[in-house]
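So that you can see what the record holds, here are the features copied from Swiss-Prot:
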type     : residues               : note
BINDING  : S139, S141, E233       : Mg(2+) binding site
BINDING  : S141, D144, D145, E350 : Ca(2+) 1 binding site
DISULFID : C30-C48                : disulfide bond
DISULFID : C41-C61                : disulfide bond
DISULFID : C245-C288              : disulfide bond
DISULFID : C458-C477              : disulfide bond
DISULFID : C482-C491              : disulfide bond
DISULFID : C513-C524              : disulfide bond
DISULFID : C552-C563              : disulfide bond
DISULFID : C583-C597              : disulfide bond
DISULFID : C591-C602              : disulfide bond
DISULFID : C604-C616              : disulfide bond
DISULFID : C628-C673              : disulfide bond
DISULFID : C682-C708              : disulfide bond
DOMAIN   : 576-617                : domain 'I-EGF 4'
DOMAIN   : 1131-1220              : domain 'Fibronectin type-III 1'
MOD_RES  : S773                   : phosphoserine
MOD_RES  : S1071                  : phosphoserine
MOD_RES  : S1121                  : phosphoserine
MOD_RES  : S1386                  : phosphoserine
MOD_RES  : S1389                  : phosphoserine
MOD_RES  : S1405                  : phosphoserine
MOD_RES  : S1425                  : phosphoserine
MOD_RES  : S1776                  : phosphoserine
SIGNAL   : 1-27                   : signal peptide
TOPO_DOM : 28-713                 : topological domain 'Extracellular'
Amino acid sequence: MAGLCSSPWVKLLLAVVLSAGLPGNMANRCKKAQVKSCTECIRVDKSCAYCTDELFKERRCNTQADVLAAGCRGESVLVMESSLEITENIQIDTSLHRSQVSPQGLQVRLRPGEERNFVFKVFEPLESPVDLYILMDFSNSMSDDLDNLKQMGQNLAKILRQLTSDYTIGFGKFVDKVSVPQTDMRPEKLKEPWPNSDPPFSFKNVISLTENVEEFWDKLQGERISGNLDAPEGGFDAILQTAVCTRDIGWRADSTHLLVFSTESAFHYEADGANVLAGIMNRNDEKCHLDATGAYTQYKTQDYPSVPTLVRLLAKHNIIPIFAVTNYSYSYYEKLHKYFPVSSLGVLQEDSSNIVELLEEAFYRIRSNLDIRALDSPRGLRTEVTSDTLQKTETGSFHIKRGEVGTYNVHLRAVEDIDGTHVCQLAKEDQRGNIHLKPSFSDGLRMDASVICDMCACELQKEVQSARCHYRGDFMCGHCVCNEGWSGKTCNCSTGSLSDTQPCLREGEDKPCSGHGECQCGRCVCYGEGRYEGHFCEYDNFQCPRTSGFLCNDRGRCSMGECVCEPGWTGRSCDCPLSNATCIDSNGGICNGLGFCECGRCHCNQRSSLYTDTTCEINYSAIRLGLCEDLRSCVQCQAWGTGEKKGRTCEECNFKVKMVDELKKAEEVVEYCSFRDEDDDCTYSYTVEGDGSPGPNSTVLVHKKKDCLPAPSWWLIPLLIFLLLLLVLLLLLCWKYCACCKACLGLLPCCNQGHMVGFKEDHYMLRENLMASDHLDTPMLRSGNLKGRDTVRWKITNNVQRPGFATHAASISPTELVPYGLSLRLGRLCTENLMKPGTRECDQLRQEVEENLNEVYRQVNGVHKLQQTKFRQQPNAGKKQDHTIVDTVLLAPRSAKQSLLKLTEKQVEQGSFHELKVAPGYYTLTAEQDARGMVEFQEGVELVDVRVPLFIRPEDDDEKQLLVEAIDVPVGTATLGRRLVNITIIKEQASGIVSFEQPEYSVSRGDQVARIPVIRHILDNGKSQVSYSTQDNTAHGHRDYVPVEGELLFYPGETWKELQVKLLELQEVDSLLRGRQVRRFQVQLSNPKFGARLGQPNTATVIIGEQDETDRSLINEISASPPLPRGDLGAPQNPNAKAAGSRKIHFNWLPPPGKPMGYRVKYWVQGDSESEAHLLDSKVPSVELTNLYPYCDYEMKVCAYGAHGEGPYSSLVSCRTHQEVPSEPGRLAFNVVSSTVTQLSWAEPAETNGEITAYEVCYGLVNEDNRPIGPMKKVLVDNPKNRMLLIENLRESQPYRYTVKARNGAGWGPEREAIINLATQPKRPMSIPIIPDIPIVDAQGGEDYENFLMYSDDVLRSPASSQRPSVSDDTEHLVNGRMDFAYPGSANSLHRMTAANVAYGTHLSPHQTHRMLSTSSTLTRDYHSLTRTDHSQSGTLPRDYSTLTSLSSQGLPPIWEDGRSRLPLSWTLGSWSRAQMKGVPASRGSPDSIILAGQSAAPSWGTDSRGAMGVPDTPTRLVFSALGPTSLKVSWQEPQCDRALLGYSVEYQLLNGGEMHRLNIPNPGQTSVVVEDLLPNHSYVFRVRAQSQEGWGREREGVITIESQVHPQSPLCPLPGSAFTLSTPSAPGPLVFTALSPDSLQLSWERPRRPNGDILGYLVTCEMAQGGGPARTFRVDGDNPESRLTVPGLSENVPYKFKVQARTTEGFGPEREGIITIESQDGGPFPQLGSHSGLFQNPLQSEYSTVTSTHSTTTTEPFLIDGLTLGTQRLEAGGSLTRHVTQEFVSRTLTTSGSLSTHMDQQFFQT
């Protein structure tokens, strides 16, 4: 075996197996790469090698193992080797009191993609020198802080001496820039801003670091405060100068540098806008600018530094910041200090009196943290530091122990490419550099690191025009590189002589090279990169024999149609090993000498259950199962004459026994047996040897002596009983003595007086409509001596205003089951996850609680199992308020109350319920009309809350009373004080009555979900809330249905809600055990809140039927089978349908003559084919059609059937369901006109559920926590076509909350919400738009719906000085919402306009107007010239325009009539909504059916997007339905076509490549097909297209996967009977474009929500949308949540199409597309982004459609902004993304091509 493992072939095989198992199959990257040279090959992957052997015939670029296995000589394999060499390594000396690292120098060279690791050691001494520099805010508000600092000199010096014996201390002060607006620039204020103060300044180094503490305090005494004007201070200037001016400050080289930053204000930062007025726009140069007096001199010329700059410079100079700030500014610095790897933050008191304690605490905290960073790292190298022993903090630093050497692991990796560019194609400075690996407190390791990008040596030694290449090419790296026009291995084949294919024809075939290759100069060059071989390419290397699905058992390779096995393997499919290693037994022999080894397996000579199948050894486990027991009786009778076989039966034993003095040890024999003899109670032993099956001549060895126990000591028993009785007597005396002492202490005045417990209040008045819960926390106080523990028992009685009420209720029915509420305090702390239902921790504890409590309470007769178990915390519970409180409910008879109470008190007193630990002293047991409980006062606790139930019932009196009473103190010496509490609950007028529609509902198990409507009758239009829960009856939770519980909240105006309960499939065992019993369960409403009341019925019974499911499963069979023979029954008479709700229709009829056995109802959506109808079976002449679409027309008919078959159907009846409130409107879009004016638009609700009649827009101010400030203003838009609003006079720099909701005939739907601050959004370079037919509202106006102007047909002229636009008196109007474009011809003509989505208006013009419809979404344009002469000529648009639009390539061509152009009204735009996909109910989300619907196609301008006349359009949707784990049904809708269809073509293949399968369907009426033999868990792409006489139409594409469980050994074989579901992969997230310059942009996206495999990276394609250039591709590696790519080299005003798709382990996923244009405006400082719209004459492809919501799974509309972005702030408004930018990133982007290495928080870049 050792020799086998040492074989070089085995090592090679292991290398191949390991490389094949790597992620992404890295071995194939070298093989699949299309390279032309050795250097290109080496750069493909770190494992790639190149064979330079001239005689080598295989692929030269492959892994080293593969080229060696293919026959390349070892000396001809060229591999670039990486290296790592330590150049300086001085060992750490722990006796030195300074920081040290090891090693100090290192040189490393890595191949692209390669990673090397090494160990890095850091030592920090116990005590090190400290430099402490105090930087203090000297604004006037810090005057008291300065006074205190002057007085605490000795304390600070004392603390420093405790920290270290070697320290220095310095002091600096700062205020702000002496400029507007930071400082008051009046002369008198510049001289003395405050009384007795110094002139304002920016920063001054007052005291450099010094060891002389006395000198420090003397200089500090002379300092005076200064002042400035605005609140934020200029501390960032001071911090930067303190860091870079090392000589002026006095920082020492080997000391710990601490910078104390003390302030009570926020800070200015780079580009925050404060310096604009003073003209300070230059960036900080990061240099020292202190004069001789220590003052900062460049405050008037340089901006503040940024946060990343400070982080970098402080780390570079080993400076650790300590932020000592007051509560006022704590929130600013709480986030700021997290950007520093090692820092501290402390709360400074208002007068800085605690600064010494704060410094001491911060120093000890900082000393325990160490940060290691890689500085000056080139772009091509990545460094990561980890540790196996040290823990990382939130900021990335390590927790260390000073005085010990810390060991760290450094991972250095060379990246392969950056933003799609290979690292070897980058600049030299990006490939190599000197990396400084630096710890926080000391100097670090210097690494000379580089990426290996050298050329292959063989390419430098090439033979130019070599004779080996017939002087027609260069010989290089073992092969010829031919000149142009020549090919072949020796360049002997001219590319012009490839026509003769006769030598490449195989006998009997008509295709050259068997159709698998290309004939070149009489030789076949096979396709497939080695797949096909042979002289005629006749051998397919994928067709060799397989074993377990693996080609050649993965132990060989396929060559010439046969398996060529690796060494050590043989057989037709390499499935037989030559080694006998698997046949070696435990003794080292072959098959134990009882068989022979063949093909790696032992074949035993004889079959026996005692031998194993592997090595023919004795199966000892089989022997031991009964061997000792079988021999026992015979050994007992022969050796001792006892046992069950003593006497004559002993002669039947077929072996003899032999008595011996000693037996062999157990490990030396087959079995060692011991048994006890029943006659004398002694133990005898014997052994079994041989093969374990004694024969007639066998002998069993028996030990002569038995082992007997000594005589028992019976006299000990009476003594133990006597001692036990004595102990019980002593305990009884002690208890009596303690009770007597307790009684005596109660009589003493000193012990009894004041030690009392009682309620805090004696009366509470509650109003039911204001109550948010059904309980009340009643405080109970303890006064006097708080030592010791007291427990108090209490009770509460309901309805005390009705005497005898509780007694009468209890005597109604003693055996009736009622719910009892139980609360206990567990002996474990409460966590956040315990209070979240559904978490794993909560579920585990719930199961533990219910199991133990059920075990205890089952001893009470009639008690059911617990339900509704929840966990919470109890505030004001003394020292145990962090413990977990469990609330649960158990059903028990009404008469069991006392038994439950006694049992609960007993178990609480014991502290456990079975194995569940509980805290003694607390419980609550709630019955129907009363409750009892106990609370505990721990030692030192003065107040606890008693949570009492309030018994809220719908039948309560308008004013009911409850009485809480403290009963006694069972534990403790306290006496009861205030014992009674009266609670009065006043019931006012309810806001609404909530109930079910009916008391009983019937559902089918096949529906999978039971939908139970809940209605509210509104009395007062406010909020109402009720709780709901399910209860078992004959149906059982988790077996027939999934139990649910929760709360329903009705908002104002809502009258209808729906409860959904998931139904479970009936298991076979359930159907056998429970038979045909009707399953039913209850849904109960309870606990009304916010003034709600429960109406009748408040309990609904849900009956689960099985017949409907059977009927529905037979729909296809019934519809496909021929009609049954009709009997004598006639058609049902007078069919009548009436809508019973938004999703229900009541259908009834009169029975026909005869005796019908039942009726069959057929119904479908009006307009659909009758073949898609649903069938229902009914025994009575009426039926309830449920689960329908709201506001939808249905057709239905009915027939009767009897014993002889069906009768004729009745006449057709139509009925429309009622309306239902619409869903929330589509995404909100904001067009920011100025800082106080915005244009708000929204999309129609996805589910209109009726006819939209109006929209309501609300907006109002919000604070930083997004909470409303003041009332919201409302605007009613009563024209549903107007989905746009212009809002003026908003407050500048203030965030607003906007909400939009829609209304139809059923009422108002839910709101769509967005919060936006206009000041943070980029402004459009355009004038205020004039928006026809758009409401314009004034934010400063009054309330309600009165303060807005609605302009329908008038043209608006808005002077710059006017707040409101004026109304034109033009009388020309347009109807039906059409829009006129004005074509100006003079400077005075009005040409501004705004086009909205289906929003129209008129414009004045001196020329003839043409009617034209705009189809873009929410865009604003400024047109200066637009001409059109006739229908055939194209219009012109000049360069002078600006757009910010979204792509709508499906433009609408105008139809010209009477000099005007208009759009046919039958065309519609928009995305598919659920209501448009008829035939599939919206509520039936079946997991085995997926619909892929596209946008309705519309032709674009200039060209007909549907192609030639008569060519079919694209099928409008694909529907996939799983039929099994390997088969599915593909359906589609018939496309539109002007000619008759001839048939369809369905193509499908694996998404990651594979054979294309095509199915031709000649029948145009067949719109579905069943596809079999698919692979489970593999993604397939399907394409469907239609054919007419004019040709094939465009195809509809969809990707689908059948997910199922597979066999572990055969991943392509599904497990029989396992579940299967469908899934479809998603595309990457919405594309976000950001302009960087006129010729470059940044593209970012989010990872797909559901990719088809593990993501390896992304592929980005960029090409001109209208052609004209080659496509460019970029690769982005990694799976970051948000990826981005900078694309340079673009052209202005040219539309580009971008595609992004994820590269996964399964191949490439679906694409996300977007078309974008970088458009420039004359005179504008920056470019802006736009998308192509229908107003241009550029012909766009019709498939580039855009959906106006980012929730689409096919395409997305990118929300675009002009200007530059920093990816830190995100605004979400209905799925759209926008990003904010800072000035810092503007300048950096223009200089570094869009690279940004540090993210920033919006707290520091937004004011």
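Just so you know, glycine gets a Cβ as well, placed from its N, Cα and C.
Values in this document were obtained by computation on a predicted structure and should not be read as measured data.
Features per Swiss-Prot, on structure.
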residue	record	Cβ contacts under 8 Å, 6 or more apart
C41	disulfide bond	C30, A33, V35, C48, A49, Y50, R60, C61
C245	disulfide bond	N205, C288, L290
C482	disulfide bond	C469, R472, G473, G488, C491
C524	disulfide bond	C504, P512, C513, G517, E518, G534, H535, F536, C537
C563	disulfide bond	C544, P545, C552, N553, G556, R557, G571, R572, S573, C574
C597	disulfide bond	N580, C583, I590, C591, H603
C708	disulfide bond	D680, D681, C682, T683
S773	phosphoserine	K1089
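Look at C61 (disulfide bond): DSSP puts it in a strand. Same-chain residues with CB within 8 A of the center of the S139, S141, E233 CB atoms, the Mg(2+) site residues themselves not counted, are D137, F138, N140, M142, V175, D176, G227, N228, A231, T263, E264, S265.
The DSSP secondary structure for D145 (Ca(2+) 1 binding site) is helix. For the recorded site, C30 (disulfide bond), the DSSP three-state label reads helix. Counting other Cβ atoms within 10 Å of each Cβ, the disulfide-bonded residues C48, C61, C477, C682 show the lowest value at C682.
A sphere of 10 angstroms centred on the C-beta of C583 (disulfide bond) encloses 23 other C-beta atoms. Residue environment of E233 (Mg(2+) binding site) contains 26 other Cβ atoms, counted within 10 Å of its Cβ in all protein chains.
C458 (disulfide bond) falls within a helical segment according to DSSP. Per-class residue totals from DSSP over the domain 'I-EGF 4' (576-617), listed helix then strand then coil: 6 helix, 13 strand, 23 coil. Across the domain 'Fibronectin type-III 1' (1131-1220), the DSSP tally of helix, strand and coil residues reads 3 helix, 46 strand, 41 coil. On a Cα basis, C458 (disulfide bond) lies 72 Å away from S139 (Mg(2+) binding site).
The Cβ neighbour count for C591 (disulfide bond), using a 10 Å radius and every protein chain shown, is 23. The Cβ of C458 (disulfide bond) has 18 neighbouring Cβ atoms from other residues within 10 Å, across all protein chains displayed. A simple way to gauge crowding: the CB of C616 (disulfide bond) has 25 other CB atoms within 10 angstroms, across all the protein chains here. Comparing C604 (disulfide bond) with S141 (Mg(2+) binding site), their Cα atoms are 97 Å apart once rounded. For S141 (Mg(2+) binding site), the spatially nearest entry among the disulfide-bonded residues C458, C602, C628, C673 is C458, judged by CA separation. Between the alpha carbons (Cα) of D144 (Ca(2+) 1 binding site) and C616 (disulfide bond) lies a span of roughly 94 Å. Listed in sequence order, the residues of the same chain lying 6 or more apart from C673 (disulfide bond) and placing their CB within less than 8 Å of its CB are L627, C628, L631, R632, V635, S685, Y686, T687, V688. Note on proximity: among D145, C602, C616, the recorded positions of the record, the Cα nearest C458 (disulfide bond) is that of C602. Comparing the binding-site residues S139, S141 on other C-beta atoms within 10 angstroms of each C-beta gives the minimum for S141.
Checking each of the recorded positions (D145, E233, C616) against C602 (disulfide bond), the C-alpha distance stays within 10 Å for C616.
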